[in-house]
Amino acid sequence: MKIAIAGASGRMGRMLIEAVLNDSDAQLVGALDRADSPFLGQDAGAFLGKETGVKLTDDLDAVFAQADYLIDFTRPEGTIAHVAAALRHEVKLVIGTTGFTAEQKAELQAAAARIGIVFAANMSVGVNVTLKLLEFAAKHFSHGYDIEIIEAHHRHKVDAPSGTALMMGEAVAGALGRSLEDCAVYGRQGVTGERDPSTIGFAAVRGGDIVGDHTVLFAGIGERIEITHKSSSRVSYAQGALRAVRFLSARGAGLFDMQDVLGLR
């Protein structure tokens, strides 16, 4: 599997490079970074003390010409540029970027008519199994329980709520036959009045080096149920991304997510 990594100098990019180098079925053939990165020209394995022969570059076409797959955990504007290059070179994409607009998501959908794309806000196996648990719970706590989603991430995260929190909200709303767009409440301040029982609330915490904590609270009278997932390392995301690459190796064009990759549908 000839794999290139986008955002190669970042926290997630470095974890992905390490995972690819440790996978006997994978070959690192490219490492992309932003044009103003101070790491351009450095070996992609330098932070591991390894010589890979792959240099960090901002030359999209040079990287895509070598790769069969790109793993991308960057930012929406960067990912959209990578999608255009992937279409030119017929490279399959594994996308873990969050914070897309509706228009950008439509671009991903259109690209998937020509290339295979796995797009998921969270590629951890644990999170995706948790989504199934939430669907089950929501169906049984549909009346008399208020639903709140609380997430916490490191101080550097730029979007809120997290993509994973939104995935959880969509799983719950879908199980209840609702549209998350219609029932979500993002943060509260001032005199808000009594809680509307048909809503799903979101709260975001940012601080320190928290990798990612997510709790969905079903609060009833006399009891409450909390379903929580906590990430202690990004390694689970990297391993999930490699599972997604293997999944795409046997697929043609189409837009998939980790529920497809893990056979959870």
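Cβ coordinates are placed from backbone N, Cα and C, and glycine is handled just like the others.
Swiss-Prot has this to say about the protein:
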| type | residues | note |
| --- | --- | --- |
| BINDING | Gly7, Ala8, Ser9, Gly10, Arg11, Met12, Asp33, Gly96, Thr97, Thr98, Ala120, Ala121, Asn122, Met123 | NAD(+) binding site |
| BINDING | Arg34 | NADP(+) binding site |
| ACT_SITE | His153 | active site, proton donor/acceptor |
| BINDING | His154, Gly163, Thr164 | (S)-2,3,4,5-tetrahydrodipicolinate binding site |
| ACT_SITE | Lys157 | active site, proton donor |
Practice problem: Return the residue, from the listed recorded positions Arg34, His153, Lys157, with the maximum count of other C-beta atoms within 10 angstroms of its C-beta. | Solution: His153
Quiz item: How many other Cβ atoms sit within 10 Å of the Cβ of Asn122 (NAD(+) binding site)?
Solution: 27
Exercise. For His154 ((S)-2,3,4,5-tetrahydrodipicolinate binding site), just count the other CB atoms lying within 10 A of its CB, please.
Key: 13
Exercise. Please state whether DSSP places His153 (active site, proton donor/acceptor) in a helix, a strand or coil.
Key: strand
Quiz item: If one looks at the chain holding Gly163 ((S)-2,3,4,5-tetrahydrodipicolinate binding site), which residues at least 6 apart in sequence have a CB under 8 angstroms from its CB?
Solution: Thr98, Gly99, Ala121, Asn122
Exercise. Let me know how many other Cβ atoms fall within 10 Å of the Cβ of Arg11 (NAD(+) binding site).
Key: 14
